[in-house]
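Q: What follows is a single structure, and I will ask about it in a moment.
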């Protein structure tokens, strides 16, 4: 029962931090210091990634009308726009797939530690503040997906590669990259959500294959619980973020990242 409660809490953390540009990994590292689940290291490594499937389903549910191209009710142009969007999403996914698949274990081995997480939290926090100050009086050059060209898409994909380093935040890196090349905040955030679908499905499948699908009944219940909670919380987190950025910029998230990065450093220096 206690492990189930811990899984629920981790699902809440995942559902919030996966979509806000504040690094789910950074929060997981901190949370796991206080919530130590009585399960194997191999299962927990897989759990951290596969729990994201629940979060991803929230995007699919919320944006189904934009993502599903086979509705009989949609006009031809709408279907063409949907196919075009998917081609752009897949193109932006290529850089992360080419680097992430062969080097996944090596990246975790080298960078999954509190020092890396703290540095990336702070650095990207500063970059968000600088970017928003720079763009304060600028009108976005890209405010629709039709205006989002393939060069811009590949550049956003290159930023997503940076998110392979723990603490960066996948949504943070892609949103930052998209805004830097001229996207509006809404387009940047929404495209970041769509990019997560192939990337996180792929990462989850990779971890499941490595784990071997060999779950005990307890492990399966814990994994499904975490995924369901992550799905429910993600619905609210995504709606919150899209509503928030219509009226505000990303600077608050930048300051939050800096504060969290300092907390990570101070905490681990104190206990290690």
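For all residues, glycine too, the Cβ spot is worked out from N, Cα and C.
So Swiss-Prot lists these for the protein:
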TRANSMEM  2-22  transmembrane segment
TRANSMEM  50-70  transmembrane segment
TRANSMEM  83-103  transmembrane segment
TRANSMEM  110-130  transmembrane segment
TRANSMEM  148-168  transmembrane segment
TRANSMEM  195-215  transmembrane segment
TRANSMEM  220-240  transmembrane segment
TRANSMEM  250-270  transmembrane segment
Q: Do we see three or more Cβ pairs under 8 Å linking the transmembrane segment (148-168) and the transmembrane segment (220-240), pairs being at least 6 apart in sequence?
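A: These two segments do not touch.
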Q: Mind pulling out the one from 2-22, 195-215, 250-270 with the most Cβ pairs under 8 angstroms to the transmembrane segment (83-103)?
A: 195-215
Q: With the transmembrane segment (250-270) as the reference, find which of 50-70, 110-130, 195-215 contributes the most Cβ pairs under 8 Å.
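A: Maximum Cβ contact count belongs to 110-130.
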